[in-house]
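A.B. asks: The structure under discussion is supplied below as C-alpha cells; questions concerning it will follow.
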Amino acid sequence: MKYDLIIIGSGSVGAAAGYYATRAGLNVLMTDAHMPPHQHGSHHGDTRLIRHAYGEGEKYVPLVLRAQTLWDELSRHNEDDPIFVRSGVINLGPADSAFLANVAHSAEQWQLNVEKLDAQGIMARWPEIRVPDNYIGLFETDSGFLRSELAIKTWIQLAKEAGCAQLFNCPVTAIRHDDDGVTIETADGEYQAKKAIVCAGTWVKDLLPELPVQPVRKVFAWYQADGRYSVKNKFPAFTGELPNGDQYYGFPAENDALKIGKHNGGQVIHSADERVPFAEVVSDGSEAFPFLRNVLPGIGCCLYGAACTYDNSPDEDFIIDTLPDHDNTLFITGLSGHGFKFASVLGEIAADFAQDKKSDFDLTPFRLSRFQ
C-alpha cells in the first residue's frame, strides 16, 4: 500500500498531524519509536503552558491564536477532563525585562486581554507571591495550561477511529526519496507514501543529520504546596524572570504539588543515554530554589521530578521547512522548549502541506535558510 502521508514521530506535532490529515480524508500512517504518549521526548509531565501575548516575538501570535481555537475544539472531546484549563497566566519580571516588553508589544499589536500590575498590585491579588518593588506583572486572563499527555492520547485515539494506520514501538531507521515519493525503513519493513512529515523531536538528526538542532537535557519538578496555590483558589499559571535573567515557568498546584521548571540552562547532550533521570545531576532538585525562595516562599520541599529534552535551534525559533531538493518532505523541529502550545496548529499546517494547501500563516521566519 502507498499512503498519502507518513508521519515520522507521533508525539505532540505528529499526533495532531495524524488526526487532522486523517480527518481531511487522507490515507495516513503514523509512526513512532515508542508508544505515545511516552516519557522519551518533550511532551510528558502532564502540563504545558499556553500564552497568547508572546514574549518570544509577535510572529508567533497568529499561530498561537489559531492553536487556541483548535485546543478548544479538542477539549470538547474530553469535557469531563478538559485538555485546556483557562487558569490565566501571570508573567512576572523586572520592569525593564525584554521578555515582558515583547509580551506587552504582542498584546498591543493583537489587542489581547492583558492586564498590567505593579508589585503591590501583584501581591494584593495573589498574597502567595512576593516580588521586589521594581517588578511588574502582565496577566493574561484568557491563557492557561494544557494537559499534554491527554491531548496526545486523544489525537491518537481520534485518528485511529477515523481510519489512520499506526505503527508504534518501531523506530524509523532511514528515509529514501525517489520519483514515486518517500520510502521509510523500519524493523517492520518498508513503507511508501506520496509525502512525509518528520517531527521526530529531540533525535531528528538521527534521520536528518544536516539540521542545526541541539538536544538539551532539562528537568522540572513538583514541590509541596497547599490549596492556596490551586486553580480553585484562582492561583494562575506563571512565568517569572529573576534579576539575573533566569527564566522560570510553573502551574497551579494539584494534589498539593506545584510544578515548576527553569527555562534556560540545562545540559547539552548528544545521545539518549545522556538524558539521565531526574536527581542524577546534583542541581536537579534545587534548580528552582532561587525562584521559590524569592517569589513563592510558601512552597515546600521537592517531592519528585522528571527529565525531558529540548530540541534547540541556534536562535530558539522553530524550524519549519521542506527538505532541500525534496519538497515532498516537511520537517518541523527546533521547538526549543516552547513548542507544545503550538502543537495543534503545527499539526494542522502539516496536514495542509499533505493536501497541497497553501498555509494561512507566514512561515518565512521559520525557514531553514535563515541559518545558511
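Even glycines carry a Cβ here, placed using N, Cα and C.
From Swiss-Prot, here are the annotated features:
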| type | residues | note |
| --- | --- | --- |
| BINDING | 4-34 | FAD binding site |
| MOD_RES | C308 | S-8alpha-FAD cysteine |
A.B. asks: For D32 (FAD binding site), which of the three DSSP-derived states applies: helix, strand, or coil?
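C.D. replies: The three-state answer is coil.
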A.B. asks: Since the record lists I8, A24, C308 as recorded positions, which of them has the fewest other Cβ atoms within 10 Å of its Cβ?
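C.D. replies: Lowest Cβ count within 10 Å among the recorded positions (I8, A24, C308) is A24.
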A.B. asks: For V28 (FAD binding site), what is the tally of other C-beta atoms lying within 10 angstroms of its C-beta?
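C.D. replies: There are 28 of them.
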A.B. asks: What are the non-local neighbours of Y20 (FAD binding site), defined as same-chain residues 6+ apart in sequence with CB under 8 A from its CB?
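C.D. replies: Non-local contacts for Y20 (FAD binding site): G347, E348, A350, A351.
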A.B. asks: Provide the number of Cβ atoms within 10 Å of the Cβ of A16 (FAD binding site), excluding the reference atom itself.
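C.D. replies: Its Cβ shell of radius 10 Å holds 31 other Cβ atoms.
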A.B. asks: Work through the binding-site residues one by one (D4, D32) and point out the residue whose CB has the fewest other CB atoms within 10 angstroms.
C.D. replies: D4
A.B. asks: Please report how many Å separate the Cα atom of A24 (FAD binding site) from that of C308 (S-8alpha-FAD cysteine), as a whole number.
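C.D. replies: Rounded to a whole number, the Cα-Cα distance is 32 Å.
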A.B. asks: Filter the binding-site residues D4, I8, A16, V28 down to the ones within 10 angstroms of the residue listed as 'S-8alpha-FAD cysteine', Cα to Cα, kept in sequence order.
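C.D. replies: Within 10 Å of the residue listed as 'S-8alpha-FAD cysteine': none of them.
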A.B. asks: Are there residues of the same chain, six or more positions away from S12 (FAD binding site), whose CB falls under 8 angstroms from its CB, and which are they?
C.D. replies: G41, S42, H43, S148, A151, I152, C199, G339, F340, A343
